[in-house]
Amino acid sequence: MKVLLYIAASCLMLLALNVSAENTQQEEEDYDYGTDTCPFPVLANKTNKAKFVGCHQKCNGGDQKLTDGTACYVVERKVWDRMTPMLWYSCPLGECKNGVCEDLRKKEECRKGNGEEK
């Protein structure tokens with residue numbers, strides 16, 4: 001299950017980069033995440049390697065956790081919801097451990113893509 005989730009999340013990250021790079025909007029209804037997975041929010045950065053927002057989320061009545069060691073931003077989902085698309089922010093870097101994005105005490109510029117929805 002973790003491998004499937006990681007693969008789905010990685011594909012989403014690549015999709016998010018492509019959407020931001022092409023500055024196009026794609027409706028979420030176009031994607032089939034299956035019955036037990038949901039897309040994790042991501043933020044792009046200047047190296048074009050998007051990272052996940054946090055490491056845990058509720059999905060279809062259950063919990064989803066990213067694999068330990070996965071790069072993430074220490075940003076809450078409600079903060080991501082309020083971010084202005086295409087505006088650069090200073091984002092704290094983290095690494096997933098047991099469903100928590102642990103702060104690495106480093107920051108990099110990141111931004112929410114144009115096609116990202118709440």
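Each residue, glycine too, has its Cβ placed from N, Cα and C.
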Could you let me know which of ASN18, ASN45 shows up in Swiss-Prot as N-linked glycosylation site? ASN45
For CYS96, what is the disulfide-bonded cysteine listed in Swiss-Prot, choosing from CYS38, CYS55, CYS59? CYS55
Swiss-Prot annotation, disulfide partner among CYS59, CYS72, CYS91 for CYS101: CYS72
Spatial neighbours of ASN45 (N-linked glycosylation site) among the disulfide-bonded residues CYS55, CYS59, CYS72, CYS96, CYS101, CYS110 [C-alpha, 10 Å]: CYS110
Tell me, by DSSP, whether CYS101 (disulfide bond) is helix, strand or coil? strand
